[in-house]
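Comments concern the structure below.
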Amino acid sequence: MTTRRTIGIVMNGVTGRMGYRQHLLRSILAIREQGGLPLEDGTLLWPEPILVGRSEARLRALAERHGLERWTTSLDDALADPITEVYFDAQVTPAREKALRTAIAAGKHIYTEKPTAESLEGALDLARSAREAGVRNGVVQDKLFLPGLLKLKRLVDSGFFGRILSVRGEFGYWVFEGDWQSAQRPSWNYRAEDGGGMILDMFPHWRYVLDEIVAPVRSVYAHSSTHIPERRDEQGAAYPATADDAAYGIFELEGGVVAQINSSWAVRVDRDELVEFQVDGTEGSAVAGLRNCRYQHRVGTPKPVWNPDLAATEDFRSQWHQVPDNEVFDNGFKVQWELFLRHVVTGSDYHWDLLEGAKGVQLAELGMRSAREGRRLDVPALEL
Ligand SMILES: NC(=O)c1ccc[n+]([C@@H]2O[C@H](COP(=O)([O-])OP(=O)(O)OC[C@H]3O[C@@H](n4cnc5c(N)ncnc54)[C@H](O)[C@@H]3O)[C@@H](O)[C@H]2O)c1
């Protein structure tokens, strides 16, 4: 008979966008719907969420909607539940560091959204504390598990590109100001004092995407802007946007690769997907998005000749080929949860830990400094 092993997971911030949709619904509840997480020895791991938040009414409604029994507004009570082994955090960024510290002190394993802290010092200290406490730890690096980026990684691993020369990334979409149409992102994202800002939000992602798929990041130059100076919040009240809503970054990678990534919430989409990365190499190029990745090999590269007097004679877009799926892709957040939970229970390999998370915070901190000082900054190696 299969044995079922329950693992209690305190989930803080599940009333939020990420906490609810990606982590509770698409990951933990999806694992339960598939009957649990099978381990190598045949055991089925059964995640039991313990919901934590600030509003009793919202937690109760959420628990009832999904048939869950455990929820509380007290983090201490949740951590003290005898079934609790893991603490997960998807709260607003400024609330994270303190809560993670409390959970580490209580001896719980840690899984958390990015950025892990608002400063590099704080992020490194968390990584150190977790190591000293001997608790396993992981940080969400979901973009690595997107089908489009997995296909891009497949191309890199195959040697398709030859020598990689450059990367150009475009991320973003128009986030409504909140006056005549409501904003589709929370207002704290646009207030620096509440942990908002494009660089703090997105540079942690660009760090692991570049480091792991292309080459380690060695320097950063960033220009940031607040293009929309005033927005309206969830209640319709006007507030000054104190955080950057766009960041234009240039990153030098090991081996001389140059990466440019534009991130903006004040841009209208003329792309196939909300994020796209073009990688150009001596042997071929590729454009990867969330789901798809198209490529062009050197033998299929056209030879355009610049002539502004003539209309374009070629349909450049049609000269690319799709990388096939060749596998079934599950939700990226769920895949990473499964890897982390196996790591907690069996000690299997897992390297996206709080130190890796600190690298993301480091790039964000250096990016913000670069933007303030108007100069390029080296990205030194991090050690605990
Ligand atoms: N991995 C990703 O792709 C990704 C995407 C978006 C956001 N995030 C991260 O997830 C975290 C949450 O972002 P979100 O977009 O879900 O935000 P959100 O505003 O939708 O949710 C925030 C959650 O934090 C809780 N909270 C705790 N203290 C709070 C306080 N003082 N004020 C307001 N809310 C408080 C809220 O109740 C809510 O549950 C952020 O740290 C963000 O960086 C990650």
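Every residue, even glycine, has its Cβ placed from backbone N, Cα and C.
Per TrEMBL, the features are as follows:
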- 51-137: domain 'Gfo/Idh/MocA-like oxidoreductase N-terminal' (DOMAIN)
- 150-286: domain 'GFO/IDH/MocA-like oxidoreductase' (DOMAIN)
Mean of the pLDDT scores, which run from 0 to 100, over the domain 'Gfo/Idh/MocA-like oxidoreductase N-terminal' (51-137): 98
DSSP-derived helix, strand and coil totals, residue by residue, for the domain 'Gfo/Idh/MocA-like oxidoreductase N-terminal' (51-137): 43 helix, 15 strand, 29 coil
